[in-house]
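Here is what TrEMBL records for this protein:
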- C105, C110, C150, C154: [2Fe-2S] cluster binding site (BINDING)
- 233-256: region 'Disordered' (REGION)
Amino acid sequence: MTEQFDFTTTEEAVHEAVPISGATSVFGEDVRADAKQIIARYPESRSALLPMLHLVQSVQGHVSAEGIQFCAEQLALSTAEVSAVATFYTMYKRKPCGQHLVSICTNTMCAALGGDAIYRKVSEHLGVGHNETAGTPGEEGSVTLEHAECLAACDLAPVLQVNYEYFDNQTPEQALELVKALQRGEKPAPTRGPALSDFRGAERQLAGFFDDLESTVAGSSAAVETLRGAQLANEQGWTAPSMPDDAELPPLPEKK
Ligand code: FES
């Protein structure tokens with residue numbers, strides 16, 4: 001999938017930390033303090049770019065031109081460098097996202113088991129297609145729809161995610177009911193994982209901030225189907241050969 005992306009770049013921003021500009025004033029002192037915390041986790045500030053982009057999305061619901069500029073300023077990168085990363089990964093949204101992001105897997109396994117039918121049903125109901133939002137982005141009950149590539153839950157196909165939380169073994173009818181509930185402002189429990197938040201809340205977690213870590217990790221994370229292989233190996237006494245203690249490891253690249 002190719003898309004045009006119109007973030008502008010400026011020569012002055014190249015490898016130069018610039019002062020807080022009006023364009024990035026949407027990111028207040030609290031966000032700047034969070035950014036500092038993120039940057040402090042890494043030996044090189046530029047390594048903080050991915051969580052920084054999630055932080056931007058937790059504030060604005062997408063990666064805006066201001067968000068690009070903000071990351072560039074904070075990380076002493078050029079806006080071109082930030083844009084290159086932000087446009088590469090599909091988790092960084094170029095348009096404001098709805099309160100909830102619904103990602104429906106239409107990759108081979110899910111498609112064969114009904115993923116295409118689920119996508120069609122939800123798309124028809126919402127009246128939108130890929131990367132489009134029903135309702136006003138950010139407002140309660142607004143839903144952004146997207147096709148997703150394999151969501152790494154083929155054993156539970158067909159699956160969909162809401163704000164990256166799993167809803168397994170879906171039917172078109174179940175998916176439709178789920179989306180209608182989201183539009184009513186409800187937050188149905190995912191099959192696995194923590195309670196449902198909203199897109200911006202999920203983005204804050206992806207930036208590494210958890211208001212209540214205990215409850216966030218309290219939900220069940222593994223499904224019976226996922227553990228079946230390990231269980232079978234256990235019952236049969238199958239093991240993988242262990243790595244010899246004296247195995248030669250490739251040399252580590254020199255740290256720059
Ligand atoms: S194909 Fe849908 S989760 Fe793998």
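If you go along the chain as it appears here, the first residue is 1 and each next one adds 1.
Cβ coordinates come from backbone N, Cα and C, glycine included.
Positions of the features from TrEMBL, shown on the structure.
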residue: C105; record: [2Fe-2S] cluster binding site; DSSP (3 states): strand
residue: C110; record: [2Fe-2S] cluster binding site; DSSP (3 states): helix
residue: C150; record: [2Fe-2S] cluster binding site; DSSP (3 states): coil
With neighbours defined as other CB atoms within 10 A, the best-packed of the binding-site residues C105, C150, C154 is C105
So for C110 ([2Fe-2S] cluster binding site), how many other CB atoms are inside 10 Å of its CB?
-> 26
Within 8 Å of the Cβ centroid of the [2Fe-2S] cluster site residues C105, C110, C150, C154, which other residues of the same chain have their Cβ?
-> T106, N107, T108, M109, A111, G115, A148, E149, L151, A152, A153, A157, P158, V159
For the region 'Disordered' (233-256), the DSSP residue counts stand at 4 helix, 0 strand, 20 coil
